Amino acid sequence: MSASIPQILDGKALAQKIQLELKEKVATLESKIGRPPGLAVLMVGDNPASAVYVRNKERACQKVGIASLGKHFPGDATQAELAETIKELNQDDRVDGILVQLPLPEHLDSISLLHCIHPDKDADGLHQVNLGKLVRSESGLRSCTPAGVMRLLQEYHIPISGKKAVVIGRSILVGKPVALMLLEQNATVTMAHSRTENLGAVCREADILVAAVGKPEMITRDLVKPGAVVIDVGINRVEGKEGKSKLVGDVAFEEVAEIASYITPVPGGIGPMTVAMLLSNTVESYRQFNTPDVD
Ligand SMILES: Nc1nc(=O)c2c([nH]1)NC[C@@H]1CN(c3ccc(C(=O)N[C@@H](CCC(=O)O)C(=O)O)cc3)C=[N+]21
Ligand SMILES: [Mg+2]
């Protein structure tokens, strides 16, 4: 079949638009509430990738007018120390959102730390209360990457209801919540993973294919139905030309772009949307819990 030009789902542009909207919202609310919104990002150790993301988040906060109240702990910080800090932030009136940057060093139990976060300050949507609300389709704080995927699909008016969606990857950070959000919009959802038999055949059924596995360029053209919408959640740093590192997704972009109807790039796709949704969650908590008289 002849190659057609796919539409690029421009997450970077939409993230910028969302940040401008949030900036206006913050300016209006701040005059009523008397303080800016606050986001605390907790980072432990010196994982270079984490440091990049944390810097991106802080820069985005600054643009929108959110105070960054983050804390950087040494790699040998203890579970008790972190739990104590989270409890203090839960009580701190300047803080609307708390995020524990993952992955944490091996000696820490990330799940019990995520559960220490007050559900109303859970900007990452990873607390069991917020995940439970998602399962029930109740409103609540929702995980940033999956929320970013849904917002991008919505922006481009991509039909979801009745469509076959295949999500590859079953993590609690992306795969499971994005499958639930697609189901909520009445997609027929299949979750594929490392044990799935005939993965290629399963993927080729997809009208909407979401790749969230963390394997560089594993989704090749032969796994994609012509005309499918392809969402690439992978952020993989690989060795590029002349030993320089470069960022690639889970999708082999060039070849898949030849047959997809819509596709997200890496970088510039879901990554920036994740940051935008984090800020959006923080501003929503700020609004909701400080302005009982506003809408
Ligand atoms: N508790 C927690 N919540 C997270 O949401 C979380 C986390 N931990 N740990 C790590 C992953 C990864 N993540 C990204 C955020 C922004 C970009 C991003 O801005 N990406 C840009 C470029 C980044 C670059 O140049 O390196 C882009 O794709 O265009 C990517 C990845 C959030 N994560
Ligand atoms: Mg809420």
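Any Cβ shown, glycine's included, is placed from N, Cα and C.
TrEMBL entries are annotated by machine, without manual review.
Under the heading domain 'Tetrahydrofolate dehydrogenase/cyclohydrolase catalytic', TrEMBL lists 9-124. The domain 'Tetrahydrofolate dehydrogenase/cyclohydrolase NAD(P)-binding' annotation in TrEMBL covers 143-288. Positions annotated as NADP(+) binding site by TrEMBL: GLY169, ARG170, SER171, ILE235.
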Relative to ligand 1, which of the binding-site residues ARG170, SER171, ILE235 have a Cβ found under 6 Å from one of its atoms?
ILE235
Between GLY169, SER171, ILE235, which of the binding-site residues has its C-beta surrounded by the fewest other C-beta atoms within 10 Å?
SER171
Helix, strand, coil: count each for the residues of the domain 'Tetrahydrofolate dehydrogenase/cyclohydrolase NAD(P)-binding' (143-288), based on DSSP.
58 helix, 30 strand, 58 coil
Could you pull the average pLDDT for the domain 'Tetrahydrofolate dehydrogenase/cyclohydrolase NAD(P)-binding' (143-288)?
97
Just counting, how many other CB atoms are there within 10 A of the CB of ARG170 (NADP(+) binding site)?
17
